């Protein structure tokens, strides 16, 4: 705590110093002469401040992801529904409240940090994570679970503030190396959260080997791995592609245009998941819908070079049209996330194995999310720099990953697997009858 406090103090001091230095340099340097980062010596990373910011970034995925292995069992135990098929809707609502609350407040925290400084907002965010996590763990009703998750999301504005602070204590020569640690912190934090919440002390669980031998579990986990890999890879490449100039294979959006694009994408994805998905899932079934979503993931890869071609042909109008097509397809493809949650729960051979299966699924996804962003953005850069396949190598590789994911989705059985006999569950149902 002493180290963290000192580092937070040093972050504030360094931010002020960097701002003053930047102002002096900006006034001294001609506006028409932009110094290339490659012509400057690389500034050493501010290690203490970077470690402190990474630890704070590490806290959010832990609080966000720790509930995933046991949320379904917790929903069942509080008695919000007696229908096992409906558990996924309630657990999905609890999980989504976090993101919705964060969506409503993250801009406020970022703006507040601009007015009162980064350090007070970071400290307040950490306190909020602690309080909301304890509140959720002690919840005994569905209402309190929702309140705790909403509070956690509302007070989790540190992600924007951390990125702002990190940008202020680095420069063009070392920002790439510094920001590369943030996705790693998310992936490691998510992985540790799933591991730490894995074991249910009060109830024995099936052996991990028995679960892994289950064919349905195997196929769902493989499909989840490819789905997570293609999704996070496209998310990472999308922002880079939007920013990249048209002549280098992107569409050359400004920072504000990228922000608006991502905001609209998030809103449309939410609408599709909340309003469009439920009736269609009841109509065609979750497996069929998942296959369709994975097919749309493959189609979404092709929209990137299509949008670039439109930008080359029609300038800004073509770029806007191409980006709109890309966003529309990606929003439709986003149904795979809800489908996957339902498939993971459905693949569990028994009620006692729900936590273990969800833990395995999230660990598989975390591994994909740790690999995907860095590999995809690096491949994009290499494709452009080396002009591999006309700069399109990255799209061929991502399309291949998407096709493998579609093949894995087609191998998921359409019928719910036969449950493993659970004597205690049968006795409980007999008593209720």
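Each position is counted from 1, following the chain as shown.
Glycine is treated like the rest: Cβ placed from N, Cα and C.
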Problem - Stretch carrying transmembrane segment according to TrEMBL (options 320-344, 345-369) - result: 320-344
Practice task
Choose the correct range: of 190-211, 388-409, which one does TrEMBL annotate as transmembrane segment? Give that range.
Solution key: 388-409
Exercise for the section: Residue list, the transmembrane segment (220-243) vs rest of chain: Cβ under 8 Å, 6 or more residues beyond ends. Expected result: 183, 249-253, 255, 257-258, 261-262, 290, 294, 297, 300-301, 304, 323, 326, 330, 336-337, 340, 343-344, 347, 360-361, 364-365, 367-369, 371-377, 380, 394, 398, 401-402, 404-405, 408-409, 411-412
Problem - Stretch contact, the transmembrane segment (388-409) with the transmembrane segment (258-280), Cβ-Cβ under 8 Å, 3+ pairs - result: no
